[in-house]
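**Student:** Here it is, the structure in full.
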Amino acid sequence: MFPVFHLSGESRRQMLQTALRFPHVFKARAEDSHKGTFGTLAVVGGSAGMSGAPVLAASAAMYLGCGKVWAGFNQDTLPFAVIAGFPEIMLDTADSLAKRQDINAWVVGCGLGTGRAAVGTLAGILTEHTDKPVVLDADALNILSTDAETRNLARGCKNLILTPHPAEAARLLGTTVAQVQADRTAAVRKIGAIFGATVVLKGHKTLVASPDTEIYVNESGNAGLATAGSGDVLGGIIGSLLAQGVPVFEAACAGAWLHGAAADVIKESAGIAAGLLAGEIAPAARWLRNRITKSM
């Protein structure tokens, strides 16, 4: 049974106004579409004990309309034969999935780990898929902060998106969280300049910077997003939009906005801020995307 979401007239007006910035996201689907029309996303992560992270990202990608989604786990064998509640998601080991050539976009790092196997998988993806959009989050960012070879490979990606929280940003810059937070705009621009990437600096009023230093300040969201797995969901949302062909900067900005706006919808509909589960975000984002598209 689908949750019942709603928005007040003023909230709806404000969200519709913001959505005008994201024309590729809120475009109605053609009636003759098929699953291949909406791309294939690969989510790579899930070391032992962290199998839930890629599941959150992959399920979010499905909710946001991706045609097909793979989840790859950095383990010798798959942690489960099928994901309970999400049989639509295809499963593979991380090293095997990294070799596929039919992937339209990648999300790498959700619970990946930072050991030798993780570094090798990340390096392989960055080497073999330089022409595809690649979102790096969590442990993938931690590897970049310590491994010079992988850092150089990342710079060679044409459509790279980094999604650090302040601590990950500090590690990438070799500085402190306090210094990042003292000037978030400078931090997000510097990371973008170092990697030639679009950067999503998460936190209150998430910042998105393009490689040419255009800055988007996200105004959506609330404290309910301060929950484990929220960042994995954001990565899955952005990856889903990329796989569907949304331009990189628009996908990053719209993903950040939808992620926050979904939490706002949940708060307005059910009064939930404290105790919001990460897995509850994407269904609200799906509802919002469809509601806005219908209204455009």
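Including glycine, each Cβ sits where the backbone N, Cα and C put it.
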**Student:** Among A53, A58, A285, indicate the single residue that Swiss-Prot lists for the (6S)-NADPHX site containing G113, H165, D232.
**Tutor:** A53
**Student:** According to Swiss-Prot, K202, G203, H204, K205, T206 bind AMP; identify which of G174, G229, G231 is listed for that same site.
**Tutor:** G231
**Student:** Could you check which of the binding-site residues (A53, G113, H165, D232) sits closest to K205 (AMP binding site), going Cα to Cα?
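**Tutor:** Given the candidates A53, G113, H165, D232, the nearest one is H165.
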**Student:** Check the domain 'YjeF C-terminal' (18-292) for me and report the mean pLDDT.
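**Tutor:** Over the domain 'YjeF C-terminal' (18-292), the predicted model scores a mean pLDDT of 98.
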**Student:** Using a 10 angstroms cut-off on Cβ to Cβ distances, just flag whichever of G113, G203 is the loneliest among these binding-site residues.
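**Tutor:** Each of the binding-site residues G113, G203 was scored; lowest Cβ tally within 10 Å is G203.
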